[in-house]
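According to TrEMBL, the protein has these features:
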type: BINDING; residues: E33, Q41, Y46, V86, L119, D277, S318; note: FAD binding site
type: DOMAIN; residues: 5-285; note: domain 'FAD/NAD(P)-binding'
Amino acid sequence: MQEIDLIIVGAGPVGLYAAFYAGMRGLSVAIIESAEVAGGQPQNLYPEKLIYDIAGLPAVTGADLTRNLLEQLAQIPHRLFLGEAVQKLEKTSTGFTITTDQAVRKAKAVLLTTGAGLLTPRKLGVTGEEALEVSGKLSYFITSLQAFKGEKVAVFGGGDSALDWALMLEKVASEVHLIHRRTSFRAHEHTVRRLEDSSIQLHTPYTLSEFTEKGVQLQKVKSDLLTELSVDKILVNYGFLTNQLDLIEGLEVTRNGRVTANRQMRSNIEGLYVAGDASDYEGKVPLMSVGFGEAVLAINAMTQVLTLDHAIRKGHSSSIF
Ligand SMILES: Cc1cc2nc3c(=O)[nH]c(=O)nc-3n(C[C@H](O)[C@H](O)[C@H](O)COP(=O)(O)OP(=O)(O)OC[C@H]3O[C@@H](n4cnc5c(N)ncnc54)[C@H](O)[C@@H]3O)c2cc1C
């Protein structure tokens, strides 16, 4: 079995970009992804949602961002193993043994870009939810905006995702209602301003009390006041529960299950790095722009450690590519 320089676990946006950057720095690289398609959360959870905070791209959908990342990656030699879940990592004298559900591989260094791990949407917890989910009336993310064309939609949630989706839906749906249990929203100021200027009907502070034949019944927080809303579709955006696999013994993780990283994105295990949503440190923000920067820090640090004649200071310009 040939040992390569770097194996990246997870082909989300950060893993894909990290692989490209590693290739640019002269490392031999392979990526292992458990899903059948590369792209992580933007590709699988919000392929049609517009993303506004990627440097140099005024607005890009999750699917287009994935396409761009794959196109960028195609410029360097690499191997991408899809549909293969990494189950265990073991430290060896020269690097790591990586055991997947299909093979055993070896690498001098490993970069974890496993994101939030296996994602499960946080549910409303109201009777009848599962049946509505099966019937297609209730969903936790949107894979096709067209499915909401001309429909009356109730969006539950008060974070960036809920607001982004409500604003996207406004363009295709006949009515959009946003229901949040607080009077203020936990979203970017710019997004909140766009919401205030939109035609979206706000219901705050309200929660769902029950599903009705025509839609939903809402209850005002700390009050008995009930109000009926007639809607065709329900979108729940209460975030996701995550399940990180316990990949290696002795790995230091924080309370929320993310891997503790130092300033060079190294974990407490030598040769094992982390970037993107899987990482944690003081001030961590789980956004892609941050994850892309973390990938660069990790690759530059490991390139130096692997003593491949690429000093860290050489990483100042992509012209070496
Ligand atoms: C609805 C929504 C909207 C968002 N909007 C924005 C936005 O506008 N701007 C922004 O910057 N961020 C946004 N985010 C956050 C952004 O999607 C994440 O920060 C980003 O996806 C993190 O990228 P990542 O590569 O670290 O992880 P992920 O995208 O989670 O990818 C991790 C990959 O690792 C794979 N994996 C996990 N475990 C294993 C294993 N054991 N073996 C093999 N593969 C494995 C997973 O299958 C997945 O493909 C949004 C998130 C959501 C949910």
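Glycine too: its Cβ is placed from the backbone N, Cα and C atoms.
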Let me know how many other Cβ atoms fall within 10 Å of the Cβ of E33 (FAD binding site). 25
Counting every protein chain present, what is the number of Cβ atoms, excluding its own, within 10 Å of the Cβ of Q41 (FAD binding site)? 19
Counting across all protein chains, other CB atoms within 10 angstroms of the CB of Y46 (FAD binding site) number 20
Give me the long-range Cβ neighbours of D277 (FAD binding site): same chain, 6+ apart, Cβ under 8 Å, in sequence order. G12, V14, Q41, G115, A116, R258, P286, G291
So V86 (FAD binding site), by the Cβ count within 10 Å over all chains shown, scores 24
